[in-house]
Amino acid sequence: MPSDVPPSKGFSSRPASQAGREALFPSATDAEWTDWRWQQRHAVRNLAQLEKYIPLTPDERAGVQETSSLFRVGISPYYLSLIDRDHPLCPIRMQSIPVRAEARVRPGELADPLGEDKTRPEEAIVHKYPDRVLFLALDTCSVYCRHCTRRRITKGGEAELTKEQMRRGIDYIRRHPEVRDVLISGGDPFLLTEQRLEELLAPLYDIPHVEMVRIGTRVPVCLPMRVTDSLARLLRRYAPVYVITHFNHPKEITPEAREACERLVDHGVPVENQAVLMRRLNSDARIIQELSHALLRMRVRPYYLHQMDVAEGCEHLRTPIAKGMEILQQMRGHTSGLAVPHLAVDLPGGGGKVTLQPDYVVERGAQETVFRNYKGERYVYPEPEEVDCSCPYDAVWRERRWG
Ligand code: SF4
């Protein structure tokens, strides 16, 4: 990975993966280690390979065996090198190595927890919300996350879209002028070749009503060497392209990940983070706050903290709703607002996202509203006398606006 980006404050320039790399992949050259295709070719994909590198617990060994027909295992050498080989509750280990609980489907768990397949007019398109669509570009990832709620796709079988499926997806968007926002996901779109990515971005850019594109990716977390200058330049050409990444624990924010994120930002590509709250992995306000602070230091905005979806095999990682609220309450007021993510619940079965926050309103009246602040103190907000909130100039603005 070229290292022309100077580290931001608080980051070492020594790769976090160095010790793990020396222990696990001693013969890898610098050129190989920093080549994302080498990383993909050497990803660990089965029990025998995994046992070569990590002393598995009986629960993990059984987990790999019992989930083998349900969901892929795949861990890039880079991500593997960050695993604590001595501790099964290492957050990187918990996200990448299955345990037995994952093989059990509990009542109420869903294969398609967000109800995407019932709003899928084309193979590539999920159209659930009025002004935006999800574009499913492929079914492969650099690491198969044990909390993946789209595993019905990422377990394999859908593969990369054919040219025809991609064309039909783009045509669908062209025919729907209400679509102003396209979220490209999968699978991980950054595993596409740049040529293939451009075949998607270029026609979307040419559709006048598509105002922005977002790309959901865990590559900055699990395969940061994939974020090359050339990829960042490609994304910038089709601005506005937002990268939505997925760091869940501060341990994942390494100098390598920092370099990947800052390369995107330095090229004018904004990066936002969506974390998932997971029991015993990051279900603690201190951890989420450290994660948020580390994200902000590398200019990534902590955007959402997701309540775990009710997906098959994920119950052991789910937290009670109250835990997320408690975390937000412990953060709000104690750190900058930019560091406090929105707590979101994607309603099971396709109800869409709702956001939650601790309730600070004590009393609501016509004359005043009484709040309690983050310290529990009461404050009164007086209501104004005039309550007409219409905006008469808006009609003028809509008629005359430029651009
Ligand atoms: S990278 Fe995303 S889509 Fe792929 S396995 Fe992880 S959570 Fe699922």
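Cβ atoms are placed via backbone N, Cα and C, with glycine included.
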Per TrEMBL record, range annotated region 'Disordered' [choices 1-21, 148-168]: 1-21
Those recorded positions in Cys141, Cys145, Cys148, Lys353 whose CB falls under 6 A of ligand 1, listed in sequence order: Cys141, Cys145, Cys148
Cys148 ([4Fe-4S] cluster binding site) to Lys353 (N6-(pyridoxal phosphate)lysine) - Cα separation in whole Å: 17
Chain-mates of Cys141, Cys145, Cys148 with C-beta within 8 Å of site centroid, [4Fe-4S] cluster: Val143, Tyr144, Arg146, His147, Arg150, Arg151, Thr154, Arg218
Local Cβ density at Cys141 ([4Fe-4S] cluster binding site) - other Cβ atoms counted within 10 Å: 25
